[in-house]
Amino acid sequence: MSFAIGVLLLAVVTAMACALPGVFVVVRGQAMLVDAISHAILPGIVVGFALTGDMQSPALVVGAALAGLLVVLGTEAIARTGLITGDAPQGLVFPALFSAGVLMVSASFGDIHLDTHAVLVGDLNLVAFEQLEVAGLEIGPKYLYVMLALLALNSVVIGVMYRRLVAATFDPEFARVAGLAPQRVGLALMFCVAVTVTGAFNAAGAILVVALVVVPAATARLVADRLPAMIAIALAVAGVGAVAGFGIAYVVDAPTSAGMAVFYGLLFAATLAARGGPRRRRTSNVRRGERHQSARNLVSGS
């Protein structure tokens, strides 16, 4: 497999792996949690490295995902007090974790150089250099298969929990009464998001990974009212944006993930302008009621 094709495939798979759980994140109004998770995974990575001494160890992914989940739990715990509302709990939790990670690196691993550019925007091209060999044949970047595994994991989890996710997303009170444990469902979704963000960290960095998770889903929400259509459109936008971003990055000699984010932003703006955003607000209450009923019908099997 040529290097360019490997980078392109890695971009497409990474974008789709991020976009799939991103649909539920956007619909649930938790987009900023992705930003919080992407910044909070640093201490998890440091702890994983301290325990194993290996930057390639799966412990780094597990530690980072747990740190991301800690953001969710901490945010919910603060919000439940009722003393702080809105996005303020996130603003309290993730800077503390990120700062703790920086202090841990400075205190215990001072000889390790952290490339700020790589941390913020990642670099698909650098990640793709490490090839996977089978019987002496290079079959693509190792990282490609990591992201394929994450895409498969997200597909399985969302497929298995689809009914519960729909109910917990659109009618959490009904889900609670029906014994569907919406809080546990939400935590399972956020764990998938945390693992995916951790996996995509090297490719997209702490900033641009937010665009990969949120923007395709937000674009899909502008043109689709039903969840299956939103998922399909978000995946299509993710794939097309990855290809277009690869082309943009090649022309201007920039990181591929940055080219992808630029394309996603332009596509979202064009879609919003074409749809005439404010007009959709008039029907929001009606559609909210339809979603509640659809969630109940889906769970009941009718």
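Just so it is clear, glycine is given a Cβ too, placed from its N, Cα and C backbone atoms.
As annotated by TrEMBL, region 'Disordered' applies to 279-302.
Annotated transmembrane segment per TrEMBL: 29-52 (among others), in sequence order.
Taken from TrEMBL, the feature transmembrane segment applies to 59-79 (among others).
Proximity of distant same-chain residues to the transmembrane segment (91-110), defined by a Cβ-Cβ separation under 8 Å and at least 6 residues beyond the stretch ends, is recorded for 35-37, 39-40, 42-47, 49-50, 67, 70-71, 74-75, 78, 84. The transmembrane segment annotation in TrEMBL covers 91-110 (among others).
Summarising the annotation, TrEMBL assigns transmembrane segment to 143-165 (among others).
Taken from TrEMBL, the feature transmembrane segment covers 185-215 (among others).
Per TrEMBL, transmembrane segment is recorded for 227-252 (among others).
Within the chain, the transmembrane segment (258-278) has long-range Cβ neighbours (under 8 A, six or more residues past its boundaries) at 11, 15, 121, 208, 211-212, 215-216, 218-219, 222-223, 237, 241-242, 244-250, 252. Residues annotated as transmembrane segment in TrEMBL: 258-278 (among others).
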* Asked: Same chain, outside the transmembrane segment (59-79) by at least 6, Cβ under 8 Å from its Cβ: which residues?
  -> 33, 36-38, 40-49, 51-52, 85, 89-90, 92-94, 97, 101, 187, 190-191, 193-195, 197-199, 201
